[in-house]
C-alpha cells in the first residue's frame, strides 16, 4: 500500500474497516499518492449524496398520499382512526370557507375508504416510531462493525423496500398490512443512515472549522426533501408506483457508490496529515501518551467501542439530546404540517392551491440551509456550541410569533418570515446533529477512543426523533382548536430547548471570562518589561 506521508511506513493498526474497492483501483491505476484533502472531498460528496437519498425516499410517502387517499374521509370508529382523523379534520374545509379542494375520482384500496387517512397516519407513525427506536441500536452497531458495509446494507435495504412499496401498484396489492410491514422495516433501515454518515465525516474532519463544514454539509437534508418532492410529484401522473420506484433505484445506486468509494477513516486508506493536530483519531495511544503522526509504529492499537450507558455519561450528551428532542419537535411539525397550514391560511384575502403551498413551503428548507451554515460558522468563530445553539433557539421564539401574526399580510411577507423562521428553527437542529454530536463523540473523556461517534450520534438524534414523532401528533390535536395554540406549543418547545442548554451556556461563558482575564493578566505582566526595554 502506498503511504501518503512519503517513504515512511504506514502505522499498523487494527481496524474493522476495509479499504473501498474504488479507492484500491484508483491507487493502483494512478500509482500515486492521493492527498488527504482529496479523501476528505470524497467523504463529503459521497456522504452528502447518500443522506440526501435517504431523505428523498423518506419524502415520497407524503407526496403520494393524495393519490392513495384522494377523498375526504369521515371519522371512523377505531381509536387510531379517531385520533388521526381528528388531526386531519381542520384541514378539510368546504369551498364556502374559501378553500378549494381538488379531489380525484379514484384512489387505492384500502386507503380510499372512509378510514383511509387514518391508515396512512398509522403507517407514518409506525415508520417514525421504529426509526427512533432503531437509531439507538444502529449507533451501537455502527461503532462495532465496518461503517461502510453497515451504511451500504442500510441503503440497499431502504432502496429495496421503496421498490417493494411501489410494486404494490403493478401487483395490484390492497393489503394494508403489506404496506405497514414495509414501512416498519423501512424505518429500521433508514435509522442506519444518520449515525453512520456523521461518524464517517467526524473521522475525517477535526474540530477546526468543523461547525462551518458540517453546517454546509447538512444541506443534504433539505436537498433530499426538495429533490424527493420534485421526483415524486413529476412521476405521480404516470402512476403512484413510479414515485417509489425512481427514489428506490436512486437509493440502491447510492448504496453501491458508498460501497465502492467511501473511506470510513484515514487509517483504512493510510492517509495521515501533519498540519492539523486534531485530524488524526489515533494520535493518542491507548496509554494516553501522544505520539508524532509521522512516526512508524508496529504497535497494534485496538479501541474498544463505548457502551450505550457510558455514552450517555459523556458530559453534554444528555442536555444536547433533550434539547434536540424539543428542537426536532418544532422542525418536524413544520415539515409535516407547513404545506397544509399555508394552503388553509388566507394570504392577501386569497387561499393558495395545494401545489403552490407545497412549493412555497420549500422556503422553510432554504432558510434552514442558511441557518445551519450560519450556526456552524458562528460556533466555530466563538468556539461556543452551546451559546450559538441556545441563541438561535431563543431567536426562533419571536420568529414563530411574527410568522403567525404577520404571515397573512402578503405573499412576500409570508415568504420572508417563513425563511427567517426556518433559519432559526433549523440552525440549532443542524448544529446539534452534526458538529456537536461529533465533538461529543470525540470528547476528551474518551481518552482518544474514536469508536464512540456513531453511538453518541444515535443517542442524540434518536432522542430527537422521538420529539419528531410527537410534534406532528400533538399538532393534530391542538390545531383542532386553533393554529394560534399550535404556534404557542412550538414557542414553548423552543423555550424549553434553550433552557436545557443553560448549564452548558454558563460553563462556556465562565470559560470565556477566565480566558479573557488570563490574557489581560499576561498582557499586564509583560508591559513593564516592554517599558524597561
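The backbone N, Cα and C atoms fix where each Cβ goes, glycine too.
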When TrEMBL marks a stretch as transmembrane segment, which of 97-116, 117-136, 217-236 is it?
217-236
Looking at 357-375, 433-451, 509-527, which one is transmembrane segment according to TrEMBL?
357-375
Annotated stretch (transmembrane segment, per TrEMBL) among the listed ranges 38-57, 58-77:
38-57
Below 8 angstroms Cβ to Cβ, which residues of this chain, lying six or more residues outside the transmembrane segment (486-506), approach it?
316, 319-320, 322-327, 329-330, 333, 337, 386-387, 389-390, 393-394, 396-397, 400-401, 403-404, 425, 428, 467, 471, 474-475, 478-479
Mean per-residue pLDDT computed across the domain 'Major facilitator superfamily (MFS) profile' (82-510):
77
Mind checking which residues of the chain, 6+ beyond the ends of the transmembrane segment (176-205), have their Cβ under 8 Å from one of its Cβ atoms?
39-40, 43-44, 47, 50-51, 54, 57-58, 61, 110, 119, 122-124, 126-135, 137-139, 142-143, 147-148, 150-151, 153-155, 157-158, 161-162, 164-165, 168, 213-214, 217, 262-266, 279, 281, 433-434, 437-438, 441-442, 450, 453-455, 457-458, 461-462
